[in-house]
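Engineer: This structure is in structure tokens; I'll ask about it shortly.
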Amino acid sequence: MSTSPAARPTSNAHLLGWVDEMAKLCKPDRVYWCDGSEAEKKRLTDDAVAAKVLIPLDQQKWPGCHYHHSNSSDVARVEHLTFICTPTKEQAGPTNNWMEPKEAYRKLGAIFDGSMKGRTMYVVPYVMGPSTSPFAKVGIEITDSVYVALNMGIMARMGKVALDRLGDSDEFNRGLHSVADCNPERRFICHFPQDNTIWSVGSGYGGNALLGKKCLALRIASYLAKNEGWLAEHMLILEAESPTGEKQYVAAAFPSACGKTNFAMMIPPAAFPGWKIRTVGDDISWMRVGEDGRLWAVNPENGYFGVAPGTNRKTNPNAMDSVRKDTIFTNVARTPDGDIWWEGMDHEAPAELIDWKGQPWKKGSTEKAAHPNSRFTAPAKNNPAISPLVDDPKGVPISAIIFGGRRSTTVPLVLEAFNWTHGVYLGSTMGSETTAAATGQVGVVRRDPMAMLPFIGYDCGSYLQHWLDMQSRIPNPPKIFLVNWFRKSAEGKFLWPGYGDNMRVLKWMLDRAAGRAPAQETLLGYTPGDAGLDLHGLDVSKDAIAAATRIDLGEWEQELESQSEWFEKLGKTLPRPLALQRELLLERVRAARKVK
């Protein structure tokens, strides 16, 4: 077994001992330590092209861009094979899959044993967060996938910078990953919060294999945050600059397919001249209390791992600019001459394509050319609207926290919480509608507290209690809001135009955070009222706006019944203040119905 480059570029005994131990288990032919340099990126890319792991795109149209298609059984996160391995099942809680740690190490160890024979073991040191920030966390991912190593080079600050930050410390996340035989029957993603360790085997897909992303930055980090008194959240961070030059920062949590990246990269409508929205982050926020008593946030990532289908110049021009160079496209469709396409792109599909499975595809086919979860991995620095503070080690001060799900009924366009506890209640009960295929029942609400349901690294009730406990740590807390861009008319049409016009709602929230906008008190929270939103230049009827902001008491009685079932699922660790918030709202709704 050989080791390169420069043999071992660290003298950290903790790290060297662990790498040796993992090499002994996985038995690679060669160990390669990544340094994060441009020369290395070119060399690894050439290796990946030679091995047909990557296919170069037309370098005139897509400079520095490459295409990858995964195994057809390996296209998304696998929640049912994702485990939290805590000493007791209660510590993982009722919303996570649990495996006893010794059993998990034994079970996965048997799969890892010899899994890298004939392969290179890449040692990928990386930092989540600006490398000089007190927020920063170091991880080391060992992987047998050059695709993973190259993606980690985009998504995190990778290589020498991480080893320099680590020094001789033992405080690093130990991540072991092998594609192994990519067998769904031998696929496990296991998190060991007490050991600051992640073992992932049998998948090469982003969320399962890029261990810095969901695994460390949310599941492990949420556990560390609970113990250390901060928040690791599934939230975008955006900077809003007014025409007068005032800058405010918000963090927003939306579940998948609810427009997080679009909101983070929003372009204000023509009716808002002089306003600028810049991206600090599009997916993850780490937040700590600053010396001034405010909540400060950093984006731990260094790139965007975005869903391609539906992304176009209308929905997200900044994302389209971000992927123009040095991007890896996974499971989109491509043309034989090195162009790419996906459903929802600005132009119609070409007559013939190679689909995401590598098969010929003709226009008019009922099959999707690009996989619905096909992705782009793009460097954050490509974003023309990136915030200049994206690498600031202090982070940015958060004025508002926004929660939002996808609800066709019930939840109005925007609400401001009465207080922190009420805001945590709104976040704890947020969710999105699904179709229950077995019953054909449409509109079943999948609760997704703070958009974190698949990513909480410990018991959900304890996580919500941590949110409540944070109030005493934040002398100057941000205001909390709930939004719903997705309410529909009786005919099934969206009532609110969304996209850039969400700026109108954002402006009201920013003004409320600054203490300069009026609001109307309702039984659900504060709302803008009839005149609170700036609607000039908006081609939407007054009736549609009224319907988007309406509070229907009958719908809320049903909603509170559904919330009761959700709270029962959380069991005995559900914080009593959240149950009380539900009970108080139910009383307000019933009292209002009697008055009516």
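Using the three backbone atoms N, Cα and C, a Cβ is placed for every residue, glycine included.
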Engineer: May I ask you to find which of Ser37, Ser256, Ser322 Swiss-Prot records for the substrate site already listed with Arg77, Tyr205, Gly206, Gly207, Asn373, Ser374, Arg375?
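Structural biologist: According to Swiss-Prot, the candidate sharing the substrate site with Arg77, Tyr205, Gly206, Gly207, Asn373, Ser374, Arg375 is Ser256.
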Engineer: Of the residues Asp164, Asp168, Asp282, Asp283, only one is listed by Swiss-Prot in the Mn(2+) site with Lys214, His234. Which is it?
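Structural biologist: Within the candidate list, Swiss-Prot flags Asp283.
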Engineer: Considering the GTP binding residues Ala257, Cys258, Gly259, Lys260, Thr261, Asn262, Arg375, Tyr499, Gly500, Asp501, Asn502 given in Swiss-Prot, which of Arg288, Arg406, Arg407, Arg473 is annotated for that site as well?
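Structural biologist: As annotated by Swiss-Prot, Ala257, Cys258, Gly259, Lys260, Thr261, Asn262, Arg375, Tyr499, Gly500, Asp501, Asn502 share the GTP site with Arg406, chosen from Arg288, Arg406, Arg407, Arg473.
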Engineer: Provide, as an integer number of angstrom, the distance between the C-alpha atoms of Asp501 (GTP binding site) and Cys258 (active site).
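Structural biologist: On Cα coordinates alone, these residues lie 15 Å apart.
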Engineer: Using a 10 Å cut-off between Cα atoms, which of these recorded positions sit near Lys214 (Mn(2+) binding site): Tyr205, Gly207, Ser256, Cys258, Thr261, Arg375?
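Structural biologist: Cα within 10 Å of Lys214 (Mn(2+) binding site): Gly207.
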Engineer: At 10 angstroms around each C-beta, which of the binding-site residues Arg77, Lys214, His234, Arg375 has the fewest other C-beta atoms nearby?
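Structural biologist: Relative to the other binding-site residues in Arg77, Lys214, His234, Arg375, Arg77 has the fewest Cβ atoms within 10 Å.
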Engineer: How many whole Å apart are the CA atoms of Asn373 (substrate binding site) and Gly259 (GTP binding site)?
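Structural biologist: Distance (Cα to Cα, whole Å): 14 Å.
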Engineer: Which residues of the same chain, at least 6 positions away in sequence, have a Cβ lying under 8 Å from the Cβ of Thr261 (GTP binding site)?
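Structural biologist: Those within reach of Thr261 (GTP binding site), by Cβ under 8 Å and sequence separation of 6 or more, are Leu236, Asp282, Asp283, Tyr304, Gly306, Val307, Thr311, Asn316, Ala319.
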Engineer: Roughly how many Å separate the Cα of Arg375 (substrate binding site) from that of His234 (Mn(2+) binding site), to the nearest whole number?
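Structural biologist: Here the two Cα atoms are 18 Å apart.
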Engineer: Check the Cα-Cα distances from Gly207 (substrate binding site) to the recorded positions His234, Ala257, Cys258, Gly259, Tyr499 and tell me which is shortest.
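Structural biologist: For Gly207 (substrate binding site), the spatially nearest of the recorded positions is His234.
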